Amino acid sequence: MAQETLNSESAPAAPALEVSVVVEKPQVTEKEPQPSAPAPLPEPEVPEKPAVVAVEEEAVEVEKPKVEEKEETKITQSVSFKEETNIAGELPEPQKKALDELKQLIQEALNNHEFTAKPKAEEKPVAEPEPKKEEEENKEEKKEEKGEETPAAEISEEPKIETDAPAAVEVKEEENTPPPPPPAEAPAAEVVVVETEVAETAKAIDDDGAKTVEAIEESVVAVAAPPAEKEKEEPSAEVAPQSEETKEAQVPPPPPEEVSIWGIPLLADEKSDVILLKFLRARDFKVKDAFTMIKNTVSWRKEFGIETLLDEDLGNELEKVVFMQGFDKEGHPVCYNVYGEFQNKGLYQNTFADEEKRSKFLRWRIQFLEKSIRKLDFNPTGINTMVQVNDLKNSPGPGKKELRQATNQALNLLQDNYPEFVAKQVFINVPWWYLAFNRMISPFLTQRTKSKFVFASPAKSAETLFKYIAPEQVPVQYGGLSREGEQEFSVADAVTEVTIKPAVKHSVEFPITENCNLVWELRVVGWEVNYGAEFVPTAEDGYTVIVSKTRKVSSADETVISDSFKTGEPGKVVLTIDNQTSKKKKLLYRSKTKPYSD
């Protein structure tokens, strides 16, 4: 009895304190979610100071390329299209650093399979998190409701105290244990709450003097026992995940995925660097933007089905609309886009009449570009860009809604997924309305983009092309000497250019030897001149032979004049071009000799 009285004297203070903790537990649980709620988190995200710094950094980055662009404009004034080097060792230090950082980001993405797992990663966080949070909150609310009901019933009703008798036994066992553990289990926050509720517990004891110490102890047991059980259960719950983690650690990670664009792996050798530099230049060497562009391009190529598209048969109806022919003076392949072909109403309807036909045209255009890109040389010193020649003669113009929609769609895809593949954009036979349109959009174009644009009126189109493309490489319809099919001359035979001034007669001489067959071809851009040819022997007593009588040639009569002369004696063939107009004329000619035998 003495021991019981001692225990009863020492117990009232502790249980009373713990009872107050029980009463405050719902309040503590209500306060806990408030700091853990994400309400205060948006505030650190809202500050605009880092955003201002980022803008300032971008402004600095934008100013740097402007200096380079001025240099590029100087380069573009010359004939060269190689504006930047693709050799990593020759890059400026900031560009080298950007390339290395982009490689690291791509390597991490390949290790994590981000290029293939991206769609799944996006779906999971959207579908699952919210229901889980709601279920957890509902469970917590149910637990809180149960926690509030049990202490109230135990304190107010005596019958329920009897049902909790087993818990009292457990308390006695715990009371025999040394006192240090209970204070260690109670957190500091609960102690503060206890101090605030001492007065309330004291009043309860004074009012209900008949309440026994055992009842208080039993009420404490119902609340104090669960934390002890949780503490015992928590270590066992922690052990299980550790064993699973060790098992997962033993499983080797999957190998990095392999991703290629245009047949070139993203991370392999110097060719990969050339590909990455295209994306970096398209984003002003902003690494994160370039990395995002690469991921978007890889994703789009899978969705569009590029690899299967290469083998599709989409017909050859548009082979005269877009075609590759020849190279420029720097070795870039030249692609011609002939918009005037769409003046053919049948072709226009078959290409743009409905959405399905426009989609087929888009797939054909992308297929054509992909096949052209596969022929480029992605070595650091190779040619990996092309020249685009856009012929606007007889173009349908902006009034054709369907053509405009298809063209805009194609341009958007090319800009987003085919960066830095154009070395020069040459617009020929440009009508006045297009020049006006270009002046309107020019302020919105970067200096780098504008430096690649060249515009030429119908009268200056051939002359403009000859600045960048040799005449032997220019198709006949655009003023050059390049023709399809078997011809006497090929692109390997160089052409001589001569400008004939107004009201001037110009002569061209081809020396020949004995038993020689001389072959030549010539054209005058725009013609409207007089042309004649004759053979003058070297011997003084020889006779002059008229090869071609002098005649006036108009632009509609003959595009290219091809002729030949066989002789058994030395001499020379003299061509005469008489320009009687008031305009300058561009003369193109070439010749070669063949052995002659009877």
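Note: Cβ is positioned from N, Cα and C throughout, glycine not excepted.
The following features are taken from TrEMBL:
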{"type": "REGION", "residues": "24-48", "note": "region 'Disordered'"}
{"type": "COMPBIAS", "residues": "35-44", "note": "compositional bias 'Pro residues'"}
{"type": "COMPBIAS", "residues": "61-74", "note": "compositional bias 'Basic and acidic residues'"}
{"type": "REGION", "residues": "61-191", "note": "region 'Disordered'"}
{"type": "COMPBIAS", "residues": "93-103", "note": "compositional bias 'Basic and acidic residues'"}
{"type": "COMPBIAS", "residues": "115-149", "note": "compositional bias 'Basic and acidic residues'"}
{"type": "REGION", "residues": "225-257", "note": "region 'Disordered'"}
{"type": "DOMAIN", "residues": "311-486", "note": "domain 'CRAL-TRIO'"}
{"type": "DOMAIN", "residues": "488-593", "note": "domain 'GOLD'"}
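Packing against the compositional bias 'Basic and acidic residues' (93-103) from elsewhere in the chain are residues 64, 267, 273, 276-277, 279-280, 285-287, 290-291: each is 6 or more residues past its ends and has a CB under 8 Å from a CB in it.
Residue counts for the compositional bias 'Basic and acidic residues' (93-103) under DSSP, helix first, then strand, then coil, are 11 helix, 0 strand, 0 coil. Per-residue confidence over the domain 'CRAL-TRIO' (311-486) averages 90 (mean pLDDT, predicted model).
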